[in-house]
Structures are given as structure tokens and as C-alpha cells.
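For reference, Swiss-Prot has these:
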| type | residues | note |
| --- | --- | --- |
| TRANSMEM | 46-69 | transmembrane segment |
| TRANSMEM | 135-158 | transmembrane segment |
| TRANSMEM | 175-199 | transmembrane segment |
| TRANSMEM | 273-291 | transmembrane segment |
| TRANSMEM | 330-353 | transmembrane segment |
| TRANSMEM | 369-395 | transmembrane segment |
| TRANSMEM | 417-439 | transmembrane segment |
| TRANSMEM | 517-535 | transmembrane segment |
| BINDING | 559, 568 | [4Fe-4S] cluster binding site |
| TRANSMEM | 575-596 | transmembrane segment |
| TRANSMEM | 643-665 | transmembrane segment |
| BINDING | 654 | chlorophyll a B1 binding site |
| BINDING | 662, 670 | chlorophyll a B3 binding site |
| BINDING | 671 | phylloquinone binding site |
| TRANSMEM | 707-727 | transmembrane segment |
């Protein structure tokens, strides 16, 4: 009996119903709840699993390199990045016969292929890779790293190599190692690669293992470094007519502060990027020497926190007790890490298009759209996860005794004020924004567009002007020619910035108007509402006004309607579940806005966005409906085209999304009855009744059904929009 799944829970493995399987899957990664789990084993299991995670990442990136080298057209693309379409991989078995083979044979390939919209071609080209052999070398190196990671994971589960809990809880050593070792040294190594390999390659000089010790990255070598004349490395930059990948118009500078974009590739200057990574390396290597470990010098985080009591007693005992609370709670640490990573991922989305780091990325519109959307969705899921683990921290790890009257306890004590303020902000944003959209919609419908309420975003325009955008005529800071900052900028720092910000061919500080003002506030509504649900779920996780003592209920009990006095106010899991819908909703608005604004910009008809984005029908008709026309046309009576796969995915995405509602809007008793009817019929049907099962079938629990519904809703929603985004963009721009 002991061998039944799940092995980690005796109680669950003896459950006679199908609940055993579902609960087993649900709690497989909740190591804390497993039988015989000690704190030490918990830390060791998580530590070892990190190596498995790394192995998967290395294997996946290796696969990207390998398939492009084997089936792609990297070398041909490098000869003409603007006109050759990059191939991701071949399609072995294109369905629907000869028309499909013809539709998907493109990019100079001999058979059907998929086009790459991930930006890897641009990235590899920028960092100095040029041949398929380079790609194969990279793939092999990553497979070796992957194997080493797997071995390391296995090794750290062996008795001799298992770290002790005290090692995991040594915060200072870990910070030093992560700051100096991981961030600092890896940034320094990346600077080295850019200076020794990528920058020479961008100037037509091929540096590889056979010559990298003999080719100087700078004609002066290390002389200026030791002489303290570092400015020599910034002299003689690439000229504005530099042809990327050749010596034509190339300079010799390696660390610069030019600002703006390389005129041909429309991407940041490689020498600026190298300079940036060197600065990061210096800062982080210094930061990683700040904390006290074996030598008795440096900061102790615990001492800093204990001493940090704000003046005037306004925050009670300040940060006392926080060190142990955080250091002993994996959920708190995970929550902090996810919050940071979520913000960083969203910043990647924002900067990837506005300051494109890779050569020719800015001219590959579909890839830009795909990268923006991808990173925003990832950010949304990571951020909601931060609050989920924050809530679990309050239920499982928070000790009121240890945190008496410190900042954490005071957060809980005035949670009503926090929640009501967020609620007020959400209501204000929601009613006013919707009110403006609906008013404008009605005015358009009644044929009086001049009666719309159109608000210019003057504060945002002022901020753009302060950064140097001259269009609005504000004449302030960098947009004022008399300003000292303006004059310094011409020569000392970032001389290319003002050209870039006032050039309409890039996405830096896009011109904004009333449509942007409205959608900005719609997005603000989404962000505040998502935050409200998440913050309330976490702050009310242990107890709320309706149910002050819910700690023992755990994290994932359901809100199950009006029974027991109404429990919808009190489940932390339910708050997370509702917040994910709002998160998806918000990111929908964000990506719709980004995409529509950009396709009108790229097509040279920005007026369409400006005029149609101020009322609801404009969004529905001129963005969604108009841009889905090619998609719905992937198959037609005349055969098929290369968008057909996206047309199919668009339909399939809607199907998956709609299936979600079957689980979301359902009554558990109905399912139980249906299951028992099916089981009864099965047992009485000849032949079918030869197959028996041991577990009694029971309906999913409320929480499980919600999770399954949410998963279908999310996956279907993302599939549908991904297909729409890629097809509508690639259909227009090839």
C-alpha cells in the first residue's frame, strides 16, 4: 500500500477516492507539508532543485542554438538582416498537403519552416556570432553546463555534500556571493566579451579562441588603464555612417557615453553597452564586499535593522525583529525575490522596444511586438506570485510575538486604511475613465464627435519635454536651448540622446495625446485593482473582520458562497485567484495599447490611433476587428496562406479559453452526479466493464475546479492574443 502515489503523504496515499491523485499533484511541490520533513531537508531539497532548474534552462537555450544552426539561415540573415526572414526551425510534417508546403517555404529555405520572432538572431549577431559553427559551439557548451548542473544537483543531495541549515541562513555570505560573484563578476565577464569579441566583430575584426590573445581590443592596449588616462578608451567613436559588421566608418573607442542609437542598426551603441556593464560590475563588486562575514569588518544586516528605528517614534519599534522573520521564512524571501523579478521583467519589456539593445531589432516589428507582450505577461504572473507567497508567509511563518510593534506588525494593524485607500483609488479611476470612454462613445454614435471630452496629458508631455522632446514647445530643461544641461549634453555626455528623442522613426518617448491619457488611466485602474485584491488577500490571510481566526484554515481553503456566514472575504487563495483575472485583464489593455500605437506608427498613420482610441467602439472596431481580418482569412475557399497556423491557433485559443468557464461557472453537486452516472453506465456496459479502477471518482473540490478554470482561461487568453499579435503584425510587415 505504501507504494501508491503520493509517496510523500501517507494520509493522502490511503485516500480511497480520485482526490488522492489531484491533491497529490497539487501538493507535490509543497515540501513543507510532506511527511517527515525537517527544516534541514526542506532547504536541501530546494537548493538541489535549483540546479535542476539551471539544467533545464541551459538545455533549452542550447536547443535554440542547435536548431537554428541545423535548420536556420543565420549566415544568410547576417548578410542582409533587413530583408532575409530569420528561420527558427523546420516543420517536419506540414498538414494540409501541397498548399501548406508552399505557404511555409520561405526565408530562402528549401522546405517548410517557422519564422523566428524571438529576437535570438539579432542577439547572437550583436554579441559577435557570425557562423553556424559559432552556434554549434555555443550549443555544445550549454549542454556541458547543463550536465554539470544536473551532477551538482545530485551531488548536493549526497550525505557528504549536503549543506547545513546554518549555511543557508548565513545572509551576509550569501549577499556577498550573489552581489560580487554572480552580478558583479558576470557583468565584468560580459564587458570582457563585448570589448574583446562583440565590438571588434561589429567593426569587421574576427576574434576567436585562436587569436583573442594576440588581437588588442584597443590600439593603446592596457597602457591608458594603468596610466589613469581612461578617457582615451572613449575617444574616436564609430562614425554616424558606420556599417555594422564592417570596418567602414568604424572607430577604436571601447567604452563610451554617446547616447541615442547607431543610425544603421537603430540599436544602442555597443560601446555604450560595454561601458554600462563595466559600471554595473564595479558597483556590484564593491557592494559584495560590504557585509560582515569571517573577517569581523563590514555591515551586519541584523544590526542595521535593529538600529534603524525612525525618529519621533512614528513607526514604533521600526525594523526590530525583521531580520529573523525574513531569514527564517522561505516564503517571505520568495515573495521579495518574485516582487523584484516581476518589476525587472516588466522593465525589460519597456526598455527592449524603447532602447533596443540588439542590432536591427527595431526594424523587425513582429519580434518587437512579441518580446514586449511576452515579457509583460511573464511579469504579471511573477508579480501575482509574490503576493501569493506573501499571504502564505502570514499564515505559516509570521510570529506576532517576534514582530511586536515593528513596521510589519503596524502594516497589519492599519490594513483597513491601506485597503480602503486602494479601494477608493480603484473606484475613482474606474468610474472616471469608463465615464469618459462611454461619453465619447455615445457622442460618436450620435454623430457629434466634436462633443467628445478629450484631455491632453500635459503633465506627461512636460516630463517628456524635460527629457528633451521639443515637439510640445514647453522649452524646459533639455528641450530649452538656453539650459546649462542642454549645453553640457551636446558635448560632455550623451550627445546622441537629443537626436534620438526627437527622431520619429524610433519608439523613444512617443508623442502622446488624449487617447494615451485615457488608456493610461484604464491601465492605472487595472494595476490598482489587481494590487487591491492581492494586498487584501495577503493582509487578511490570518484573519479578517469577518473571521479573525482563520490561521488554522491554511492558505487554500475556498470562498464557498453564503454558507457559514459568508466566507468570500477571507480566503487568501481566492484573492490570488481573482487577482490573476485582473492581472490578465490589465496586461490585455497594456498590450492592446502598445500594439495598436505601434502598428499605426510603423504604417505611418498615427492619426488612426489618435482619432479612434478615445472611444470604446474605436478600440473594438479599428484595433481588434480590423486587425483580426487577416487572421480569420488564414483559410478561405482559395486555399491557405502562411498565416493559417495562426488562424488555427486563434480558434484553438478561443476554445481553450471558453472551456475555462465550464469549470469556473459550475456547481460541484452537478459534477458529482454526472460522474456517478457515467461510472454507473460504464460498469453496466459489456466490454467497457472489463476495465475497472480502484479509486472512487469524486468531483473536483471548489479550489481545484477554480484552478483548472483559471488555467484554461489564462492559457486560452494568451494563445488567442499571441496568434492575433503575430499574425496581424507579420501579415502587415512581412
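Using the three backbone atoms N, Cα and C, a Cβ is placed for every residue, glycine included.
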Densest Cβ environment (other Cβ within 10 Å) across the binding-site residues 670, 671 belongs to 671
Given the cut-off of 8 Å on Cβ pairs that are 6 or more apart in sequence, determine whether the transmembrane segment (575-596) and the transmembrane segment (707-727) share at least 3 such pairs. yes
Other C-beta atoms within 10 angstroms of the C-beta of residue 559 ([4Fe-4S] cluster binding site) total 18
Rounding to whole Å, the Cα atoms of residue 670 (chlorophyll a B3 binding site) and the residue listed as 'chlorophyll a B1 binding site' are apart by 25
Simplified to three states, DSSP reports the residue listed as 'phylloquinone binding site' as helix
Long-range CB partners for the transmembrane segment (175-199) (under 8 A, at least six residues beyond its ends), listed in sequence order, are 126-128, 207-208, 212, 215, 217-218, 254-255, 270-271, 273-274, 277-278, 280-285, 287-291, 293, 301
The residue listed as 'chlorophyll a B1 binding site' -> DSSP, reduced to three states, gives helix
For the residue listed as 'chlorophyll a B1 binding site', the number of neighbouring Cβ atoms whose distance to its own Cβ is within 10 Å equals 15
Candidates 559, 654, 671 (binding-site residues); nearest Cα to residue 662 (chlorophyll a B3 binding site) turns out to be 671
Residue 559 ([4Fe-4S] cluster binding site) falls, by three-state DSSP, under coil
Spacing of the two Cα atoms, residue 671 (phylloquinone binding site) and residue 559 ([4Fe-4S] cluster binding site), in whole angstrom, works out to 18
Lying 6 or more residues past either end of the transmembrane segment (417-439) yet within Cβ distance under 8 Å of it, the residues of that chain are 411, 452-453, 455, 518, 521-522, 524-525, 528-529, 531-532, 535-536, 539, 614-616
Between the C-alpha atoms of residue 654 (chlorophyll a B1 binding site) and residue 559 ([4Fe-4S] cluster binding site), the distance in angstrom, to the nearest integer, is 28
In the three-state DSSP scheme, residue 662 (chlorophyll a B3 binding site) belongs to helix
Counting across all protein chains, other CB atoms within 10 angstroms of the CB of residue 662 (chlorophyll a B3 binding site) number 13
